[in-house]
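According to TrEMBL, the feature compositional bias 'Polar residues' maps to 1-28. The feature region 'Disordered' is assigned by TrEMBL to 1-90. For 55-90, the entry in TrEMBL reads compositional bias 'Acidic residues'. According to TrEMBL, the feature domain 'F-box' maps to 251-297. Marked as repeat 'WD' by TrEMBL: 365-391, 392-431, 432-471, 472-511, 512-551, 552-591, 595-634.
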Amino acid sequence: MAASCSTSNTSGNNADCTSPSPTETIITESGDKRVPGTSSVVVVEPATGSSCQGETEDSGGAESSAGDEDNEEEGEGWGEEEEEGSVGEDDQVEDCALLAAATITPVKGTACSVSPVPATNEASVSRTWRKRKLEVQNGFPSKKLFPEDKTVALSLKKKTHEGCIPLEKVKVQRSVIPSKDNPPPEMNDWLYQFQVGRYSESRNAFFMNEKRPRKRWSNAERLLAIDQLIDTCEPTQVRHMMQVIEPQFQRDFISLLPKELALYVLSFLDPRDLLRAAQTCRSWRFLAEDNLLWREKCREAGIEEVRETVARKRQRGSASTVTSPWKAAFMRQHAIEMNWRIKPIRPPKVLKGHDDHVITCLQFSGNRIVSGSDDNTLKVWSATTGKCLRTLVGHTGGVWSSQMSGSIIISGSTDRTLKVWNAESGQCIHTLYGHTSTVRCMHLHGKKVVSGSRDATLRVWNIESGECLHVLVGHLAAVRCVQYDGRLVVSGAYDYMVKVWNAEREECLHTLQGHTNRVYSLQFDGLHVVSGSLDTSIRVWEVETGACRHTLMGHQSLTSGMELRNNILVSGNADSTVKVWDIVTGQCLQTLSGPNKHQSAVTCLQFNSRFVITSSDDGTVKLWDVQTGEFIRNLVALDSGGSGGVVWRIRANETKLVCAVGSRNGTEETKLLVLDFDVESK
């Protein structure tokens, strides 16, 4: 049944019920009728028995005339397509159909009629026409609004003249924006050719009809195609590629890995980066809190055990604040390091007790400080409170050497004796007789102590029984320094010699000759012997063969103090400089000098894996970076420095520094200064 629109009038003019938009297409049963420049399709489905009739015979002709004139005006925009278009004069519907606003699908039971446009108002007809054209264009569906159906039902509310029945529903078939579900047909072959594989039937919906096997591009061909495609893209398209591709590489691969592999990856991070990673998300924080992971970090930093106080605090902490005890230990050490480096130095505790005498030896272990003086006494101090706990009286001469282990203190004096003391009670347990001159040096290992004297001999003592076990004779002058590891004894003397002894057999294994002046300092790690002399040189010896491996030159005077850890030697010299050496290669790694160097002889030094602490006759204690050799800051600077004030001895542990200060001319009072860098004492 053909769908048509008819009018009944006396003049024979036909008028349609609506005015058309130039962008819509009229479809009848006899075939599609398309308006140039559009792909929109409009379907007319009149209800049974319904009809469209004009109201006056004049209005039909006027409307047709106005439509033709307006069509000429509007045709300027799409006239070229009209010449090639699918609508010719022979196929055109009557003027009334060309003026239809949209093809109508009436609701059942609804008749369609339209009021004629006044013949005399051509401008009004043109405005109405353009308005309806814009309504259709603005109603063009997007992918978001109508993804499932290409045919859209629009509810249009149009103004009509009096007597018209409103148009309710219009079905318009629209073209869809290209998408993955609706790609341009010509794209399928390109994608099929690009797809990975050799011969296979595509699983994509694009290729459901592609049954033929075709050879796909190789990897090199695909890369070439991508390069060519990128070269032809505009900046906006390249930016779109980046937005699509970048998220593919921004995956949380750590959370996707098994825990063991994730922890292995995190183990390569520095502690600082590990702490930052813990702030990324909850799963990363859980991994970054792993106790075994932080145990390895602590081991790398030289932290061998977790303090009991840290563990107790962890147990008392709430569930939300509980962390790995090894991590807590690492964080504590980091905070302490910052206290040493940059935080303000707290006022030191001042320990006075030796009057104006010189403090000749200093020991610091745990919470106990022991100072020996030429006033014939030793004093035991609390490092926490700064109080003098005991004064050890018994020697009849100045105390020049001492050692401490736990609650046991051993002292050597100019009275030619050694004494063993109980630090808790202050009682003298043993007095060790045997030397015939000043006991100038000693070294304690386990239950045995080896003493060196100006009588040129060494003696090995049992501190529990007070018995002299062995006497080592061989030096020709005063023994100035000694080291003992429980098996071998190494001694340096004023006879320019260094000797290696088997204490059990009282046998000299090697005499290390090479120095040309007095030997003042020694270090021994079981494999190497390092000796410092007044001849300005430092020599490195092999203990098993007695061969000299290196002669370290660079100092200009007496090497008064040395420390050796893990093949790294730090030496302090009377020339006011400090040097860091690698004893394996013999290379000088750092020289601690520059504008902030000491202004007088270096009297003592301490070092660990991070810092070197040095004291001097200039009345200062300086902190240096052992890795870079850079000066960090002054820890102590006496007001009398440079005019007689001296720092004689220093001893340090992880959190505290003890300095023995005084003067040679009475400008500085003899005392101990205790500086605290612990985080827990704040």
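Here the Cβ of each residue, glycine as well, is placed from N, Cα and C on the backbone.
TrEMBL does not curate its annotations; it predicts them automatically.
Note that the structure is a prediction, hence the values are computed from the model and not measured.
Residue counts of the repeat 'WD' (392-431) by helix, strand and coil are 0 helix, 24 strand, 16 coil (DSSP-based). Secondary structure of the repeat 'WD' (512-551) per DSSP, as helix, strand and coil residue counts: 0 helix, 22 strand, 18 coil.
For the repeat 'WD' (472-511), the DSSP-based tally of helix, strand and coil residues reads 0 helix, 24 strand, 16 coil. Same-chain residues lying 6+ beyond the ends of the repeat 'WD' (392-431) with a Cβ under 8 Å from its Cβ atoms: 360-363, 365, 368, 370, 372-380, 437-444, 449, 451, 453, 461, 463, 465-466. For the repeat 'WD' (552-591), the list of distant contacts is 520-525, 528, 530, 532-534, 536-540, 597-609, 612, 614, 616, 618, 624, 626, 628-629: same-chain residues at least six beyond its ends, Cβ to Cβ under 8 Å. Residues 301-302, 337, 340-341, 557, 560-563, 565, 568, 570, 572-578, 580, 589, 640-642, 645-652, 657, 659, 661, 668 of the same chain sit 6 or more residues outside the repeat 'WD' (595-634) yet have a Cβ under 8 Å from a Cβ within it.
In the repeat 'WD' (595-634), the DSSP tally of helix, strand and coil residues is 0 helix, 22 strand, 18 coil. Long-range contacts of the repeat 'WD' (512-551) within the same chain: residues 477, 480-483, 485, 488, 490-494, 496-500, 557-564, 567, 569, 571, 573, 581, 583, 585-586, each at least 6 residues beyond the stretch ends and with a Cβ under 8 Å from a Cβ of the stretch.
When DSSP labels each residue, the repeat 'WD' (432-471) comes out as 0 helix, 25 strand, 15 coil, counted as helix, strand and coil in that order. When the repeat 'WD' (552-591) is classified with DSSP, helix, strand and coil residues number 0 helix, 24 strand, 16 coil.
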